[in-house]
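Trainee: Please read through the structure below; I'll follow up with questions.
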Amino acid sequence: MLISESSVFSPGEEGVYSNVAMRGRHADAYSMYKRGTRDYINAYDKEQGSVRSLNGVSKEIGNPSWKRSFLYILVASLASFLYGYHLGVINETLESISNDLHFNGNTMAEGLVVSICLGGGFLGSTFSGLIVDRVGFRRAFQLCALPMIIGSSMSATAKNLSGMLLGRLFVGTGMGLGPTLATLYVTEVSPAYVRGTYGSFTQIATSLGLMSSLLIGFPAKETEGWWRICFWVSAVPAALLALFMEFSPESPHWLFKEGRAADAEAAFEKLLGGPYVKGAMAELSKSERGGEAETVKLSELLFGHHRKVVFIGSTLFALQQLSGINSVFFFSSTVFKSAGVSSQSANISVGIANFLGSFAALLLMDKLGRKVLLIGSFSGMVVAMGLQAASASSLVSSSNEVYLSVGGMLLFVLAFSVGAGPVPSLLLSEMFPGRIRAKAMSVCLASHWVVNFFVGLLFLRLLEQIGPLVLNTIFATFCLVAVIFVKRNVLETKGKSLQEIEIALLPPE
């Protein structure tokens, strides 16, 4: 259970622990651990002969090189690239698809083509924790790539609406697995001092995937059958993900939890370098019980010791989607067209705004921290959605309507990609203990996919029924609720090892 911020950090010293306090907490919380683990830790402490820093590394040797894990982060980010691609591929191609497959003008059918992959995402996300715990990250990534290859092929060759929906459903299962796997893997293989920066790579990859789908989709309205090419193209990065994961290291956290301590040491050596292996293993031993993996029940996550942090995670993901962000990614062409702006110009602008915000998050994540970025991001989204709502009111002249609508949408995307996009997944993967991390993330992300599904399904219908003024006001209200929620419930995690976060936020059972 999470404890209050004041009970974790003293005033003016948020995020700073004394070494004496930390060692005392470790001893109290884990005195029951098996003798082998205690001996390992004591042997390491004796050998080092110096106090370890908050990153679990001797101050004398500094931080491990970020270059060792960088390539593996890029490989894992291919899953996020695919998520972004399939998120945006329908934007430019939906009109051509509806014409060729004979459901043009049916807004519910169009919404279903968009949202059916989100239903598949819910299924993939729900089982992602179970899959990771059973087979590990490398095989799970490869299982993620498989339905994306199959689903893309089915969509590309679809002859009717049913065929398209089935293909999108398959793709969706891979989309549900991908973001969860990428976030957890990056969290578990990254050095603590760059974990926030590396976590931002997944959002950058998502924005690059989105931009790629928009750019590739531009000829779809003029070139007959081009939308099929757009789906075929996505099979290439999926195949590369499956191939490159064969040569990537497994998460040492997963290996140790499975009782494979020697393999965990080898993985740490590959990721961090030889001088850091014993320190990383000692830090890991303080919170993981190698060879004593326990089955985590759903009831334990929802009603047990970790229920509060699971509630915070699920609510944060739900608010992320209730902000209306995916209505922008799915239907920006439609919205901009009603404002008299060409879809190509609109989508390029959206892609650039998303990329710039993601790049800013990469630079700021480990400097400002997760909580500051979240509050600033949702606050900016309130303002941006307010501008869009104002553009639809009778108080604004028609000449200014376009500027408010387009400017508000671009500001909304920019603000989202700085914090509300990349932070929730990274933050929650840091806050959950290793024993429950995968399953707890899958539970929290389930709320993301459910809300995402209904936003995608109902957006066009609601736009027709209640109009942009009311709809955008609703989205702005949810963004404001998110600001209040983050201020009251989210704690800062930047710069801390996963084991320190677990001890600080989740007292022993």
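Cβ atoms are placed via backbone N, Cα and C, with glycine included.
Dumping what TrEMBL says about this protein:
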TRANSMEM  69-88  transmembrane segment
DOMAIN    72-494  domain 'Major facilitator superfamily (MFS) profile'
TRANSMEM  108-132  transmembrane segment
TRANSMEM  164-186  transmembrane segment
TRANSMEM  198-220  transmembrane segment
TRANSMEM  226-247  transmembrane segment
TRANSMEM  344-365  transmembrane segment
TRANSMEM  372-390  transmembrane segment
TRANSMEM  402-428  transmembrane segment
TRANSMEM  440-460  transmembrane segment
TRANSMEM  466-486  transmembrane segment
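Locate each feature and note its surroundings.
Mentor: If one looks beyond the transmembrane segment (69-88) by at least 6 residues along the same chain, the residues whose Cβ comes under 8 Å of a Cβ in the stretch are 117, 141, 144-145, 148, 171-172, 174-175, 177-179, 181-182, 185-186, 189-191, 198, 201-214, 217, 234, 237-238, 240-241, 244-245, 248-249, 271-272, 326, 329-330, 347.
Averaged over the domain 'Major facilitator superfamily (MFS) profile' (72-494), the predicted model reaches a pLDDT of 85.
Beyond its flanks by at least six residues, the transmembrane segment (108-132) meets 86, 90, 94, 97-98, 140, 143-144, 147, 151, 161, 164-165, 168-181, 184, 254, 330-331, 438-443, 445-446, 448-450, 452-461 of its own chain at Cβ-Cβ distances under 8 Å.
When Cβ-Cβ distances below 8 Å are used as the criterion, the transmembrane segment (164-186) is approached by residues 73, 76-77, 79-80, 82-83, 86-87, 97, 101, 112-113, 116-129, 131-132, 137, 140-141, 143-148, 150-156, 158, 195, 198-199, 201-202, 205-206, 231, 234, 238, 251, 425-426, 429, 437-438, 441-442, 445, 449 of the same chain, each at least six residues removed from its ends.
Outside the transmembrane segment (226-247), and at least 6 residues removed from its termini, the chain residues within Cβ reach (under 8 Å) are 75, 78-79, 81-82, 85-86, 89, 92-93, 96-97, 100, 138, 141-142, 144-146, 148-149, 152-153, 155-157, 167, 171, 174, 213, 216-217, 219-220.
Proximity of distant same-chain residues to the transmembrane segment (344-365), defined by a Cβ-Cβ separation under 8 Å and at least 6 residues beyond the stretch ends, is recorded for 88, 91-92, 196-197, 199-201, 203-204, 206-208, 210-211, 214-215, 218, 328-329, 332-333, 335-337, 373, 406, 409-411, 413-419, 421-423, 426, 494.
Within the same chain, residues 319, 323-324, 361, 364-365, 396, 404-405, 407-409, 411-412, 414-416, 418-421, 423-424, 427, 468-469, 472-473, 475-476, 479-480, 482-483, 486-487, 490 sit at least 6 positions outside the transmembrane segment (372-390) and bring their C-beta atoms closer than 8 Å to a C-beta of that stretch.
Taking Cβ pairs closer than 8 Å, the transmembrane segment (466-486) reaches residues 315-316, 319-320, 322-324, 327, 371, 374-375, 378-379, 381-382, 385-386, 388-389, 391-393, 420, 459 in its own chain, all 6 or more past its ends.
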Trainee: Near the transmembrane segment (402-428), which residues from the same chain, at least 6 beyond its ends, have a CB less than 8 A from one of its CBs?
Mentor: 179-180, 183, 186-187, 195-196, 199-200, 202-203, 206-207, 309, 313, 316-317, 320, 323-325, 328, 332, 335-336, 339-341, 346, 349-350, 353-358, 360-361, 364-365, 370, 373-381, 383-388, 390-392, 396, 440-441, 444-445, 482, 490, 493
